[in-house]
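In Swiss-Prot this protein carries:
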type: BINDING; residues: Gly78, 81-82, Thr86, 88-91, 106-114, Ser118; note: 5-phospho-alpha-D-ribose 1-diphosphate binding site
type: BINDING; residues: Gly78, Asn109; note: anthranilate 1 binding site
type: BINDING; residues: Ser90, Glu223; note: Mg(2+) 1 binding site
type: BINDING; residues: Arg164; note: anthranilate 2 binding site
type: BINDING; residues: Asp222, Glu223; note: Mg(2+) 2 binding site
Amino acid sequence: MKALQTLMSGESLTQDQTREFFQRLIKGELNDIQVSAALIAMKMRGETPAELAGAAEAILSAAKPFLRSDTTVIDSCGTGGDGSNTINISTTAALVAASMGLAVAKHGNRSVSSRSGSADVLEALKLRVNLDPSDASTQLADNGFCFLFAPHYHPGIKHAMPVRQTLKTRTLFNLIGPLVNPARPDAQLLGVYSEEWVRPMAETLQRLGVKRAMVVHGSGLDELALHGPTRVIELRNGELNDYHVTPNDFGVPSAPLDELKGGDADFNARILEDILAGGGSPAQRHSVAMNVAALLYLSGQYNDMKAATAATMEHLDTGQPLLHLRRVQDAQETYHV
């Protein structure tokens, strides 16, 4: 196989070559040795934006179809794997943003390195994570929020699971999740587990034609950080802008990372509901508000992060986000089982 020969010689694949290789992988046409060799060859050299984009195109082309309206759809998603075991910041931010009128199609999975991934905490909130695509589409249209469970939409990925479980090391698949949202969001807040991936992931989104995005790494977190500076590469109108932000840019004080410490899914779900009800600690509220502000900014509703954060804090005080979550919970009772 030419693609494998190219990789084994230390060269990178083109976007087209990678797409063709992963199309074969998700059809089950490659054996475990071929899959393992390719993943390790790319990992040792470092996956390129062309390879990430090609793999994402292959996976998206085979995904279960998801019908969405012409409204601007946004996603708040991280790679996971930062090892911080914080509360579910991006999931909480997604629900708050939906209650403020954004259409958030959150793509996610179970835990990577923490005790509670996005799917885990949503299940603890009694939300069904494996909705039929038509029901998820209805949920997004009616309530501005839906969760798209990655294994449900990308069944072909199972062909790589034996290799991934055997290798027990990060590969391209640890980066690809935020790139293969079947709703094909117009804008994304994408967190990465290591700063080395900020630019490659931003360039990958650029290749995939995403309209607006912020790729972030916040002092060890795959989120905007409250405890230190956050590296950002912003994608807008096809151009990339590289900068750093601090909590001060959002008008909130810094706080130690341990003030965002999470637990298991039930523990994190209780904190999430507390924040949505207008409670939570100052650090929890500020962290969520910063991430919501970025979503409001990416959606075009605000051009100023401080104003967007202040608006989010005021909205949290009303308790409306929790009422919105209750509507999402109630609506799913009318969907297919």
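Note: Cβ is positioned from N, Cα and C throughout, glycine not excepted.
Non-local contacts of His107 (5-phospho-alpha-D-ribose 1-diphosphate binding site) by the CB criterion (under 8 A, 6+ apart in sequence, same chain) comprise Asp75, Cys77, Phe147, Leu148, Ala150, Tyr153, Gly177, Pro178, Val180, Asn181, Pro182, Ala183. Arg110 (5-phospho-alpha-D-ribose 1-diphosphate binding site) carries neither a helix nor a strand DSSP state and counts as coil. Of all Cβ atoms in the shown protein chains, 16 besides its own fall within 10 Å of the Cβ of Arg110 (5-phospho-alpha-D-ribose 1-diphosphate binding site). Looking only at Cα atoms, the residue listed as 'anthranilate 2 binding site' sits nearest to Gly78 among the binding-site residues Gly78, Asp222, Glu223. Within 10 Å of Glu223 (Mg(2+) 1 binding site), judged by CA to CA distance, lie the following binding-site residues from the set Gly78, Ser90, Arg110: Gly78, Ser90. A separation of roughly 13 Å, to the nearest angstrom, links the Cα atoms of Ser90 (5-phospho-alpha-D-ribose 1-diphosphate binding site) and Asn109 (anthranilate 1 binding site). In this view, Arg164 (anthranilate 2 binding site) is surrounded by 17 other Cβ atoms within 10 Å of its Cβ, with every protein chain counted.
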